[in-house]
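As recorded in TrEMBL, the features of this protein are as follows:
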type	residues	note
TRANSMEM	31-52	transmembrane segment
TRANSMEM	64-85	transmembrane segment
TRANSMEM	97-118	transmembrane segment
TRANSMEM	154-174	transmembrane segment
TRANSMEM	180-201	transmembrane segment
TRANSMEM	256-278	transmembrane segment
TRANSMEM	302-324	transmembrane segment
TRANSMEM	345-369	transmembrane segment
TRANSMEM	375-397	transmembrane segment
TRANSMEM	409-431	transmembrane segment
TRANSMEM	437-458	transmembrane segment
Amino acid sequence: STMRKRRTTDSPHSSIDLNEGKEKLKLKQEVGLISGVSLIAGTMIGSGIFMSPEWVLHHMGSPASSLIIWAACGLLAMFGALSYAELGTIIKESGGEYIYILRIFGSFPAFLFAYTSVILVRPAGLAAVCLSFAEYTVAPFYPGCASPQVAVKCTAAACILLLAIINCLNVRLATSIMNIFTAAKLLALLVIVAGGLVLLFKGQTQSFQNAFQNTTAGVGAVGVAFYQGLWSYDGWNNLNYVTEELKKPEVTLPRAVMIAIPLVTCLYLLVNVSYLAAMAPSELLSSGAVAVTWGDKVLGRWAWLISLSVALSTFGSSNGTFFSGGRMCYAAAREGHMPDILSMAHVRCLTPSPALLFTSAVSLIMIISGSFTSIVNFFSFIAWLFYGMTIAGLLYLKIKKPELPRSYKVPIIFPIIVLMAAVYLVLAPIIDQPQIEILYIVLFIFSGIILYFPLVHFKCHPRFLQRITLHLQLFLEVAPTTREAN
């Protein structure tokens, strides 16, 4: 399997002995309930909760309506994750949306998803997280004013380059960083929650008086607010990317979802309440880094701890994005949907360096040309387009193929709600506030047709492409993982 190939490659002992690699694989597949909960929660809690609150409030206009959006986003993520849990018990393969779209709808839409995800979605997610890391890293050097965009973008670019080096050189170092920085993000959120509760007990409730005043009712504004809120919940589907590594997936998958997502939702709501207890809505809207402003007001001279914690959190999230980014590349390469070079690994470091370098290059371009909020909006547009397609596939299986064995069944109303939300999130901004960039994204998705039919359907591989692959192999010192697995 694809995951078998990748795990064999990622293991530091895989190139020495195949049997030893298989033993290592078996150990790594024993992902239980606690590990599953950690994977979901650790991926979800990234940069969004430290960057998105001001944008949700900006689009909704009032504190109460913004809190409703945060709660609704958590509920939608819960419904989506439970729907994916049923898919994971029917199609017990790793690869997330890609493998579900492939098995239900066929090769062509799966290729469009892989093409769009590798070139746009994953680099956009990485760029957004690194921009938020840069905002919080630079903010303490410019107290009382907005940070210069040049400094922010240069810091974000340096973050991407550093992560690329770490992940290309050493898998163990990358995993250690991911574990350490998960603790930092939880600590930062708990400090903010505790500080907010203290302020509320002291009577700082001004932001919650007339809390619905100035609420925005526009269809497009609500859709964009959902985009910003759902960005903070992104990662609810991550466990489906490692289904083959789960211990008893039919039990672990739904249970991990039922624990992790309500936990994160409660944390997010409490953090937003804390922000509003410390700041008036106007102050929150004018803050470039919400948690830093909160720290200045609540912690005083210890405010630097918040900046440090958030920077560590977002850096860890960026590292997690890098580390898990190769899974879909491997799954797509197994089906012949990705260039061979993207599925290869470094012969000595045993890391998927070509895929990581490619993602780094595209992310750098996005950082130079875009801002945090614009990148998140376009990322969310594409993501929910394919989430909707995947959920439609589940509804098809529930209605047309009820005889398929499945150990967990989600109530059909849940995927229907998620599908309706996906349609709304895709269409609402287009109808209410059409932007030419969305047309460019749609054209980009369908530009995959130009590549699919000659390269995948008819398998026409020009000789010069093979030569380019060979030269890249020699230059990057990489080899096909399939050969090592065999």
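Quick reminder: no glycine exception, Cβ is built from N, Cα and C everywhere.
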Seg_contact(the transmembrane segment (437-458), the transmembrane segment (375-397)) with at least 3 CB pairs under 8 angstroms, min sep 6: yes
Stretch contact, the transmembrane segment (375-397) with the transmembrane segment (180-201), Cβ-Cβ under 8 Å, 3+ pairs: no
Selected stretch (most C-beta pairs under 8 A with the transmembrane segment (256-278)) from 31-52, 64-85, 180-201, 302-324, 345-369: 64-85
Residue numbers, six or more beyond the limits of the transmembrane segment (31-52), whose CB comes under 8 Å of its CB atoms: 77, 81, 128-129, 132-133, 135-136, 178, 182, 185-186, 188-189, 228-229, 231-236, 238-239, 242, 245-247, 251-253, 255-257, 259-261, 263-264, 267-268, 271, 289-291, 310, 313-314, 317, 320, 324, 372, 376
Candidate ranges 97-118, 154-174, 180-201, 345-369, 409-431 - greatest C-beta contact count to the transmembrane segment (64-85) (under 8 angstroms): 409-431
Beyond the flanks of the transmembrane segment (154-174) by 6 or more, those residues with Cβ under 8 Å of it: 10, 12, 126-127, 130-131, 133-134, 137-138, 315, 318-319, 322-323, 346, 349-351, 353, 356-357, 360, 363-364, 367-368
Tertiary contacts of the transmembrane segment (180-201) (same chain, 6+ residues out, Cβ under 8 Å): 38, 42, 45-46, 49-50, 267, 270-271, 273-275, 277-278, 291, 294, 298-299, 305-306, 309-310, 312-313, 315-317, 319
